[in-house]
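Q: Can you keep this structure in mind? I'll have questions shortly.
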C-alpha cells in the first residue's frame, strides 16, 4: 500500500475550498474494483469539503440534486468551471507525464509536484462548481490507478528477474532500415508525386486559360460598378448634408456636426479608394504566391527530367562506346585473318611441298552460263586440290583456309590469285605426287590434251575473273558517271548518223570505181541484182 502525502493544510480564503488537497485514498489492490474505489474517493472528498467549509450540506443530499444544480445556467459557474477544468486538465496531464517515469522518482513526489502545479494555476474553487471538482478527483484517481498498475508491473518484473539473474531487460530498439533503399524509395515517390502535381497544375492552367479573358472582363466590370455605386452614394450623402445646412443656420452645434460629417464623407471616399487599391495588391500577392508554388513544382519536375536525361544520356554514351569497341574488335579480326591468309598463301607459293590456297569465285548474278561454268571449274579444282591434300597429309597444327572467308571476300587480289594459280600449275608437282606417278609416264597425246584442257580452263577462269572485276568496278564506281558517259556515246552516234544522212551527195545509179580502191557494198551486191544488162543504166 502506498500512501499519498498531501500538502500542509491552509485556511480557505473567502469560503473557497482548498484545491491543493488531493484525493487521499489508498491505491487499489489486486482484488479491489475500480468503481468502488472511485466512489469512496468521491465520498471522502465530499466529507472533507463539508467539514472544512460547512457549505456542503446541500450537495451531499443526493446526486440527482447535484446534477440539477450543475445544469442551471450561470455565468459565474461557467467561468469557475472552466478554470477548474483547465487546472484539472493540466494536473492530470502532469500526472500522466509523471507516471511514465516511475523508475526515476517515487510516486509521492510526483503527486506533490502535480498538486503544486495545480495550486499555482488555480488556488480557489467556488462552491457552485463542486461537481466539477468531484469529476477532477475522479480523473486524478484514475491516473493514480494507472500509475499504481504500472508500478506493480515493474515490481513484479523485478521480482521475476531477480532469482534467475539471466534475463536482461533491454529497451526496445527501433527498426533499422537501409538508408540507400529508403532514399531511393523516397526519391522515386517524390518524383512520382511531383509529376502528378505537375500534371494537375498543367491541366488546371490549361483549363483556366480558356476562360481567363472572360473572367478578367467580368471582374473589371463588377469592380467599376461597385466604385460607381459607392461614388453615387457619397454624392447623395453630400447633397443631403448641403440641404441640411440651411435648416441648421441658427444652431451652431448642428452646423459643426454637418461640417464634420462632410469631412468624414470625403475621408470615407478616399479610404474606399485606398482599400480598393490595397485589395487589388493583396489579390495580386496571393495569386503570385500560388503561381510561385506552381512554378516551384514545375521547376522541380524539370530538374527531375534533367536528372533523368543526364542519367539516360550517360548510359547511352557508355553503350555507344561499348558498341564501338565491339565493332573495332570485330573489324580487326577479319583484317588479321586476311593478313594471316596472305602470309600463308605467300609461304605456300614459295614452298613447293606446302599446301596451296583454295579460292572459289562468287557466282555473278547476270552472267549466265559463264559464271556457272567458272563456278563448276573452280569446284573441280577444289576437289582436285583436296584430294592432293589427302595424299600429302597435313600437319595437325596447321589450319586449313576457311572457304566462307574467300567466298565473301573474293574481290580482293583476284588477279594475284589467278597468277598464283597459273604459277602453281606451271610449277612442278610436289615430290609426293612425283613418287606416286613415277610408275607410269604420260604419253605425248595425253600431254597435249591436258595442256589444251588447262588452257581452256585458264581462259574460262580469266574471262570469268574479268567479268567479275568489271561488275565489281561498275558497282564501286558512281552510276551517274557511267550513265552520263553512255548517254554521251549514244548522242554522238545519233549525230553522226544524222549528219551522214543529211549531207550525203547524190551519185549515179551505176557503180563507178574511178579513183577509189575500196569496194563498197553496192559494188559487191550489184551483180546479184535483177537487172540483167551488162552496160550501164540509161541516164
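Placement of Cβ uses the backbone N, Cα and C atoms for every residue, glycine included.
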Q: Name the residue range among 147-171, 172-196, 197-221 that Swiss-Prot annotates as region 'Disordered'.
A: 147-171
Q: By the record in Swiss-Prot, which of 124, 143, 408, 496 is the one labelled phosphoserine?
A: 408
Q: Check each of the ranges 480-500, 501-521 against Swiss-Prot and return the one annotated as transmembrane segment.
A: 480-500
Q: If I go by Swiss-Prot, the feature coiled coil sits on one of 240-268, 269-297, 298-326. Which?
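A: Feature coiled coil in Swiss-Prot: residues 298-326.
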Q: Over the coiled coil (298-326), work out the mean pLDDT and round it to an integer.
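A: Residues in the coiled coil (298-326) carry a mean pLDDT of 92 in this prediction.
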